[in-house]
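The annotation transmembrane segment is assigned in TrEMBL to 6-25, 62-80, 86-108, 145-165, 172-193, 233-255, 319-337, 343-361, 368-393.
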Amino acid sequence: MTTWTMLYVGAVLLRVACIFSMGMVHPDEFFQCPEVMAGAVYNASNVFIPWEYQPAAPNRSILFPSIVAGIPYAIAKALGVAPSGLLFLLVPRAILTALTFSFDFAIYKLAHAFGVDFRAPLLTFATSWTTLVLLTRSFSNAFEAWLAMLSFAVLHTIQPAAYAGVFSKKTLLLGVLLALGSFTRFTFILFFLPVGVALVLENDAALCTVLAKKSDGSAPSWPRRLLGVLETALGGAFAFGVTATACVLADTWYFRGPAALSNAPEWVVAPVNNMLYNLDPAHLAEHGIHPRTNHWCLNMQMLFGPLPALALYHGRRRAGLLLAAVVVPVTLLSLAPHQEARFLLPVVFPLMLLAGPSMAASKLLQAVWVVFNAALVLWFGVLHQGGLVPLLLSATPGAPTPLCTNVSLANVHTILITGTYMPPRFALSPENITVVDERLENMHGPIKALLDTLPQTPGRTGIAFVFPAPWRADVEAVVAQHPGLALDEDSAGACGPFLSVESLPPDVLDVTQWSLRVQHVVRLTP
């Protein structure tokens, strides 16, 4: 076995292992997929349905969560599988991880089309933290990236024998992918744009070849070539329209019920709703305003380390389509004021083919790549908010809790959580536990409201307080402001590792503070 093979196999095994990693990148991993489908399929108790999936004005299509979670959950339910937090968490991750291997295959098959050896871009992709952490998580961006990769694959692997006009198989398939991508995230159109232009140019070249043969080599007329462009557009629009209509009907049925299908004004066109929402500066301000340079100057480097610089420097020597597939969408997305790194995930495929070969030429670059990705996998895959999901999963009776110590949520009816990302309620399944997620300074009201409904007998109240270990003194001070209450020190537990930039310990090297602390709230004896 060669060194390259051993490295690649090791990276593949690490990718599979990352299905079980408990670090958090962003709550959207949970609230735009498993949280929604756990409630829809299993009627999981106390799930939190985000605003995007509210029936009044749905901003997200049900397409992505249904494919990676809803349908698999429905199959599991039909087979008699009981609901559990682990089921809801791991099934979407396993499916998306399986889909990542189509990236590997596409790189292997298409590298020669761009004049590069497949080994360098394939190993670069396999060892990237974006592959190990982001593409294996239930982000809509991961599914969007997969559809973008499929668009490249269709463009380069389906080669018709002759110009096929409106009903070209390649054109129709790309129209379908454009619709599916647009209903996953409306920004998919930007990532598809270079592929669409390449399709038009390719069909035009095929038409010119056919016409030249029929006219003894003379150049075809511009009107006929423009008609060919129109034929490509019509074929793509037909496939897009049929697929988009199916998505609209599915969304309408899900959000409004089957009766709404016969009333066109009630149809749900989620991508349009989401686009209109994001065109409102006031809405974007609620999610955060960033400099227009954020994507190019920060997010691309955060995702891909040295690859963007390598792509821009060496890309001009390679296929223009690959460079355009990176530069065009990133530049267009930079026009929007709200910019998060994961929005750029769909450029991963062209970027690996474009910049991956440069990694093989420099030992220094390889060392930088290893250190960069190891650090990001450790941070986002393990440490960042890492104890939260294991804590919630520990509510399931008999569930394995290797990342938790002395944690028991038996007879707990309410969990007070502060200092963490928004906790996914599905992870508590099948237990019916209420989650109160508030900033610490706002906890007085919920505590008082809860205690007013509880018996006055001393002992445990059925309430557990969850907080970052460095906040222990602050939490105790909040509880002490309610006479007769305290945190039970004898049953204190912890889940970890847990680190967050919002709650770093004074001594960041003190690993005893790298945890999420769990303590029961008790009434003291009068």
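Cβ coordinates are placed from backbone N, Cα and C, and glycine is handled just like the others.
Scored on C-beta pairs under 8 angstroms, the neighbour of the transmembrane segment (343-361) with the top count among 6-25, 145-165, 319-337, 368-393 is 319-337. Listed by sequence, the residues of this chain that lie at least six past the ends of the transmembrane segment (368-393) yet keep a Cβ under 8 A from its Cβ atoms are 18, 21-25, 85-86, 89, 124, 127-129, 132-133, 305-306, 359, 399, 401-404, 407, 420-421, 423-425, 427-428, 466, 494-500, 514-516, 518. For the transmembrane segment (172-193), the residues of the chain that approach it from at least six positions outside its boundaries are 61, 63-64, 140-141, 143-144, 147-148, 150-151, 154-155, 158, 199, 235-241, 243-244, 247, 251, 270-272, 274-275, 325, 328-329, 332-333, 343, 346-347, judged by C-beta separation under 8 angstroms. Within the chain, the transmembrane segment (62-80) has long-range Cβ neighbours (under 8 A, six or more residues past its boundaries) at 32-34, 36-38, 40-42, 53, 87-88, 91-92, 95-96, 138, 140, 143, 180, 183-184, 247, 250-251, 254-255, 270. Non-local neighbours of the transmembrane segment (86-108) in the same chain are 15-16, 18-20, 33-34, 37-38, 42, 44, 68-69, 72-73, 76, 118, 121-122, 125-126, 131, 135-138, 142-143, 146, 149-150, 152-153, 348-349, 352-353, 389, 393, 396, 399, 426-427, 429; each lies 6+ residues outside the stretch with a CB under 8 Å from one of its CB atoms.
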